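Okay, structure first, notes after.
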Amino acid sequence: MEHITLLIGIVIATALVFDFTNGFHDTANAMATTISTGALAPRIAVAMSAVLNLVGAFLSVEVAKTISGGIVDESAGIRPAMIFAALVGAIVWNLVTWLAGLPSSSSHALFGGLIGATLVSVGTHGVHGDAVVTKVIVPAVAAPFVAGLAAMLATRLTYRLGRNTDPAATSLGYRAGQIASAGLVSLAHGTNDAQKTMGVITLTLITGGVIAPGSNPPLWVIVSAGTAIALGTYIGGWRIIRTVGHGITDIQPQQGFAAQTGAAATILASSHLGFALSTTQVCTGSVLGAGLGRKGAAIRWGTAGRMVAAWALTLPAAGLVAGAATLLTDRGTWGVTVVGAIGLAACAAARTISRRRPVTHANVNSVGLPAEPAATPVTAPQQVPAAGAVPEAAETGAAPAPAAVRPSAAEAAALAASTAGPADAARVPGTADATGAAGAELPAVLDPVRAPVAPAAVAAVTPPPAPTTA
Amino acid sequence: MSIDWHALGTVFAVTLLSTVGLVGIFTLGILGMSRRGGGESAAPARGGAVALGRTGACLCFAACAAAVAYGISLIAG
C-alpha cells in the first residue's frame, strides 16, 4: 500500500466539502414542507434529517462503481487533479445557488464539473453525449411532471375526502404522515448521495494506488462521508428550505403530506424500476403539484421559473468553473494550489455574503407569511402590496443619494423581486436599506442566476393578481 | 441513443398509483380517527360507528406502515 499523496488528500478533503454542501443543499428536499407547515420545529426537523442521512449512509454497501455513471469516459484517463477541478466547480455552483436560495441538483453540479474537466483535459471524445441526455436531461425533465402530477392528484383526493372534517381534528394525523414520508426521503437521500461521495473518494484512492481496484470503501471513508453529509444537513440550507417551503406556494398540512408522499414514492419507484429521477426536481415538482392541487392556492410562477433556470444552468455553469479550474490544475502543483485557494476564497465569500441577510432556523418560516395560515382569498390580495412595495423600496434606497444610488437601488428591487418572490414584500424594504452593500455586491455573485430570470420575476409581480389560481 | 420509455412509463404509473393510493388510505384513516359520533346528544348506536371508524382507521394506518417498511427495505436493498 502506498502512502496517500498530498494531492489525493486534497481531493478527499474537497470531496467531503462537496458532500457537506450536498447535505445543506438537499435538506430542503426532505424537510422544507415539514418545516413550513409546522409539522416539526425547524431545528428538530434538520436534526432528524441529519440522523437519517447518517443512517442511510451505512444502510447500503452498494457504492457507486463509477464517479459519473458513464457520462464521462473514465478509462480515458481520469486523474485526481481532474476530480479536484470537478469538485471545485460543483462546490462553487452549489454555493451560488444556495446564496440565491434556489434548489438545484448537487448530482448535476458534480456531473457538470466532471464534464467540464473532461472536455478541457481529454477533449470531446471523453464525454458520452448520449449518456448526458438519458441520465441527466431526461430524468430531470421528467421528474417534476411525474412527481407533480402524483402530488396534485393526491392533494385533490385528500381535500375531497376530508372536505367535511374539522381541520383541528385531522392536523395531528397529517403531521405524523408528513414526518414519516419526510423521514423516508431523508433516508433515501443519505443512501444515494453519501454513496456518491464514497464512490468519488474510493475511486480517487484506487487511481492513486492506495487501495486495490474493485475494493470496497474503507470504513473511515463511509464514516467521514456519512458525517459530512449529516453535518451539512444539520447546519441546514435555510435559504433553500424557505424557497421550497414558502416561495413556491403556501403549503397546508394536507398539501405537505401529499407532496412528501409523492416525493418519497417517486424517488423509491424510480430508483428501483431502473429509471432514476433527479431527487431535487422530484421534490420541488411535488411541492408545485401540491400547490396546483388545492383550489385557490397561489403558485408563484416567478420563483418556479427561476428554479427551472437554475436547473438548466447547473450543468453548464459547474462545467465552466471546473473547465477553467482544470486549465490551472493541469499545470501542476502551483495550479492545484491556486485552484484550492480560489475555492477557499469562494467559500469564505459565500459565507460573508450570506451573513448580510442571514436565514436561520429562527426566521425560516417568518418571511412572507401572513399572521395566520392564509385562507384561500388572502393569497391574491397579498400580492398587491408586494407589487406596490417594489418601487417603494427603490425610492427608499434612492433617497439619500439619488444619482449615485439609483442604479443599485433598481438592482436591489430587481434582486428583491428575484430572490424573494412576491410574498416576501415584508423583506423588500429591509433589502433596500442595505442597498449600497447588498445591491452592489450580490449581483456580481448572483448574476448567472439572476440575469436570465429577473425579468420573468418582475413580470410575475407587476400585474396585481398575478397568474395564480389552479 | 435510446431512451427507455417503457421504464419511464412504468415509473410514472407506479408513482401515480402508490402516491394516490397511500394518500387516500391515510386520509381515510385520519377521517376514521376523527369521527366524533356527533357529540353528547348522539344516540348510543353512534358508539358502534365510532368503534368501526377506529378499527378501519387502524387498518388504514397499518397498511401505510407496511408501505413505509417496504420503502425502507427498498432503500436498504
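Including glycine, each Cβ sits where the backbone N, Cα and C put it.
A quick note: this is a predicted structure, and the numbers were derived from the prediction, not measured.
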Stated TrEMBL location of transmembrane segment, expressed as one of A:6-24, A:386-404: A:6-24
Non-local residues, at least 6 beyond the ends, that sit with Cβ under 8 Å of the transmembrane segment (A:334-353): 7, 10, 14, 17, 81, 84-85, 88, 91-92, 95-96, 98-99, 325, 327-328, 441-442, 445
Contact between the transmembrane segment (A:81-102) and the transmembrane segment (A:44-61) (3 or more Cβ pairs under 8 Å, separation 6+): no
Surrounding residues of the transmembrane segment (A:6-24) on its own chain - C-beta under 8 Å, 6+ positions past either end: 50, 53, 80-81, 83-84, 87-88, 90-91, 94-95, 98, 106, 110, 193-194, 196-197, 200-201, 204-205, 208, 210, 224-225, 228-237, 240, 336, 340, 343, 347
Closest-packing stretch to the transmembrane segment (A:109-127), where packing means Cβ pairs under 8 Å, from A:44-61, A:133-154, A:308-328: A:308-328
